[in-house]
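Inspection log for the structure reproduced underneath, given as structure tokens.
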Amino acid sequence: NLLQFNKMILKETGKNAIPFYAFYGCYCGWGGRGKPKDKTDDRCCFVHDCCYGKLTGCPKWDIYPYSLKSGYITCGKGTWCEEQICECDRAAAICFRENLDTYNKYGYMFYPDSRCKGPSEQC
């Protein structure tokens, strides 16, 4: 669920997903193609896309159980799909925090899709 993912990102980075991550680089936001631009785009967004891609048949909009306690994001018990999607989102939010030092606000925020050329990377 995008609202839950945004809360995870905000908790880990202090930044709202929109505008900071939804249109960042070539893989943050919907879909992606070309070469990832930096660690945030590659390690976080591209890997998140791959994580979701492995979950065919799982609805990405469903609300999943999770908690924010003692500074940690914990995915709760739910359906198999809910648990897996939560783990994808949790890993990406943590990745964003771990790669804040490479986040390029002036170079890749609102990066135009037209500059993402070439085939999509393989997971």
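From the backbone N, Cα and C atoms, a Cβ is placed for every residue, glycine too.
Swiss-Prot lists Tyr27, Gly29, Gly31 as Ca(2+)-binding residues, and of the candidates Asp49, Asp62 the one it assigns to that same site is Asp49. Bond annotation: of Cys44, Cys45, Cys50, only Cys45 is listed by Swiss-Prot as forming a disulfide with Cys28.
Here the candidates are Cys81, Cys86, Cys88, Cys95, and Swiss-Prot names Cys88 as the disulfide partner of Cys51. According to Swiss-Prot, Cys44 forms a disulfide bond with Cys95, chosen from Cys86, Cys95, Cys116.
Out of Cys81, Cys86, the record in Swiss-Prot bonds Cys75 through a disulfide to Cys86.
Here the C-alpha separation of Cys58 (disulfide bond) and Asp49 (Ca(2+) binding site) works out to 14 Å.
Separation of the C-alpha atoms of Cys86 (disulfide bond) and Tyr27 (Ca(2+) binding site): 19 Å, rounded to the nearest whole number. Among the disulfide-bonded residues Cys45, Cys81, Cys95, Cys123, the ones whose Cα sits within 10 Å of the Cα of Gly29 (Ca(2+) binding site) are Cys45.
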